[in-house]
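To start, the structure under review is shown below, and the notes come after it.
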């Protein structure tokens, strides 16, 4: 993976990431394709209509169904899906915790039950990398020890120490596998933990960045804490992350979150919000959120957003989207998801242009002004 810093504006960064499958301009938002599919969208939508360069897929879900060995036999994620740009896969640790009625972590890894059939499984640092080697993703996230907030200092200390040990195991194993010709085009990111405690965040960041990872993520945020607490934690953490490697904030978030965290030095984001909210009738626009299921849109012949150039806004009206939603037509999910993702991706493109011009402060001010007008 090649990484270049193209421009900075205070802490905001415009960078370029080159994998073996695509060139990614940052700041970048990665649509979430949990089971190797962004819900309601196909590869043509993602590649040609939305022009994405990277999407996220989920290790836990693909391990359980159809199985990572099946994906490998079918050409890895790229051959399996026909999406020939970059994939980032997470470690599956979050899902092992959140979707299992019985899950527990120990020094070796995470034991959990499948949410599909109740079968028992065990994720170790090596196991999640083996799964991701089979998936053939461009960026692999290592196993980390997740902590629900609020957490005691004892639990945070355990999480940070365990995450560091697993990171050491992961990088050692990855180097060994690459020496055998496995995963040579795959990059590996570590995940900084520590909750909202600055002491533990610094400890985790310092220990992980001493290891030879290709990039670093901030994990364990956007789990119910106040926005200001999350922003402050990100602002505290990013200075301890290498300038010459990508910085990824996991599972975040709203358009406001992205604008604020770009300002604090983050390059990469992912979240289910744009597609999940689309399916539930909430549309993101340049002037804020729009509830497309509201009765007032029944006869509205305007596009969702006059300022939007997306496929949906160029071809369909609010009235039609309102009808599709109320009729539970499957077409609604596609058109609404295309719009919401286009909004997120365009926001990232505009943020990059502002950084390149040294005008991010003005961009941020205008972003909020449009929402208050």
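Placement of Cβ uses the backbone N, Cα and C atoms for every residue, glycine included.
Annotated substrate-binding residues in Swiss-Prot are 90, 91, 92, 93, 94, 144, 193, and among 118, 220, 224 the one listed with them is 220. For the Zn(2+) site, Swiss-Prot gives 308, 310, 313; the one candidate out of 323, 339 that the record lists there too is 339. The feature region 'RNA binding', as given by Swiss-Prot for the ranges 237-243, 244-250, 251-257, 258-264, sits at 251-257. As stated in Swiss-Prot, the feature region 'RNA binding' covers range 275-279 out of the listed 275-279, 280-284, 285-289, 290-294. Sequence-distant contacts of the region 'RNA binding' (251-257) (same chain, at least 6 residues past either end, Cβ-Cβ under 8 Å): 94, 219, 221-222, 227, 230, 269-271, 273, 284, 343-344, 347, 367. When the binding-site residues 308, 310, 313 are compared by the number of other C-beta atoms lying within 10 angstroms of their own C-beta, 308 comes out lowest. Across the annotated binding residues for substrate (90, 91, 92, 93, 94, 144, 193, 220), the two most widely spaced Cα atoms sit 16 Å apart. Of the recorded residues, residue 220 (substrate binding site) and residue 310 (Zn(2+) binding site) place their C-alpha atoms 33 Å from one another.
Counting every protein chain shown, the Cβ of residue 270 (active site, nucleophile) has 23 other Cβ atoms within 10 Å. Across the region 'RNA binding' (251-257), the model assigns an average pLDDT of 96.
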